[in-house]
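Here's the structure we're looking at; comments come further down.
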Amino acid sequence: MTQIMTPKTIVHELERHIIGQNDAKKAVAIALRNRWRRMQLDNEMRQEVTPKNILMIGPTGVGKTEIARRLAKLADAPFIKVEATKFTEVGYVGKDVESIIRDLVETAVKMKREEAKEKVTEKAARLAEDRILDVLIPPARTSESKVGFANEPAEDAASKKEKENKTREIFRKKIQNGELDDKEIEIEVAVAPKTIGVMGPPGMEDMTSQLQDLFSSLSTDKKKNKKMRIKDAIKLAQDEEAAKLVNEEDIKARALEAVEQNGIVFLDEIDKVCRKSSNSGADVSREGVQRDLLPLVEGSTVSTKYGVIKTDHILFIASGAFHVAKPSDLIPELQGRLPIRVELKSLEIEDFVRILREPDCSILKQYIALMKTEGIDLSFEEDAIRKIAEIAYKVNEEVENIGARRLHTVMERLLEKISFDAPELVEKNINITTDYVNEKLGNLVKNKDLSQYIL
């Protein structure tokens, strides 16, 4: 997809979901386009060109995570978001940073497996239908004598076979049209191997995962007859047939390549593993996490159960609010590995208005769609939208700035009564006015103590 996506196109796509923050959008758009540019180079030059990792700096709720998440969807690339605070230095209790790459590979394998299954959907559907038809119309057997010669003429056998095929096609059409969905049949299905719980100490998740895989591989493939509706049986049989048709070794190879060439790791809360400049105490584990991240970000080799991964060309996007610590509190080596710095701005009232209205699945559109399921036509006046934005901004200023997430809290409080009474409401056209917003939220905003706990 990135082949035809210029940086301007990428920014335009991001603008459908994220309001403002143009500097951050441009930075990630250039990084994504550089992926494609690198793949056009000759092999020798391609190995030398490494991604320019990004450090996003900005308060919570301004779009840091959303930018990275949408970028991964646009790139159709393996993507993982991790909290830097979840990891500890090697030797301490907790997850070590190499598990980031192992989780990224797992994500890529699932992604490539789904892609492979999609390619064989039609064939798998046909085979699944055949399995159901074999239960509904068991294939006729030609009666044979003890010496192995057929007792009936060949013409009769051919006629029976033709009649059987016609019957099968009639039933196939009925299955495809959903006419037999609720009919129950007994079908042979594969039994999923039982998961064996392995107790392991904290931080040893990789070892316990490998032990579970070992026990699973030792269990033989068992099958059992199960009674279910045809609708469910078709889905189950289709999944089983698709799994047989795909090449697992090819999936693994393509997943490893996708991670190495296009993988994106989003490191959130990077500021929480900074050593505070004012703190003279021992922050061994925090600084240790940064030192462990260094080889990953710079380029190293990580062993996974699917194969070895080189992290040289994986794009790392780190982000943090940096309220207490500063970017300069990161260890110098890690600062050097995050050359592109982008500062995301705090949201203003106008930004809140746009967030409510403009994105493809904006908050207002979501609530309107939810109420539509109850037969209620919900609408908002322009002044009411601005008032909601002003309230969200004011509460952020006075209580705690949580960015755009404040809008969800405000909207839930505003529409609480309508949402609760929706099934019994006689009036199906509801228009939200400024007066209604003031009535529901006015007192809460004025009373700082109340807004602190409710909004």
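Cβ atoms are placed via backbone N, Cα and C, with glycine included.
Annotated in Swiss-Prot:
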| type | residues | note |
| --- | --- | --- |
| BINDING | ILE19, GLY61, VAL62, GLY63, LYS64, THR65, GLU66, ASP268, GLU333, ARG405 | ATP binding site |
| REGION | 144-163 | region 'Disordered' |
Using all protein chains shown, find which of the binding-site residues ILE19, VAL62 scores highest when you count other CB atoms within 10 A of its CB.
VAL62
What is the maximum Cα to Cα distance, in Å and rounded to a whole number, among the residues ILE19, GLY61, VAL62, GLY63, LYS64, THR65, GLU66, ASP268, GLU333, ARG405 annotated as binding ATP?
34
Pick the one among the binding-site residues GLU66, GLU333 whose Cβ has the fewest other Cβ atoms within 10 Å in this structure.
GLU333
Surrounding CB atoms that lie within 10 Å of the CB of LYS64 (ATP binding site), all protein chains:
26
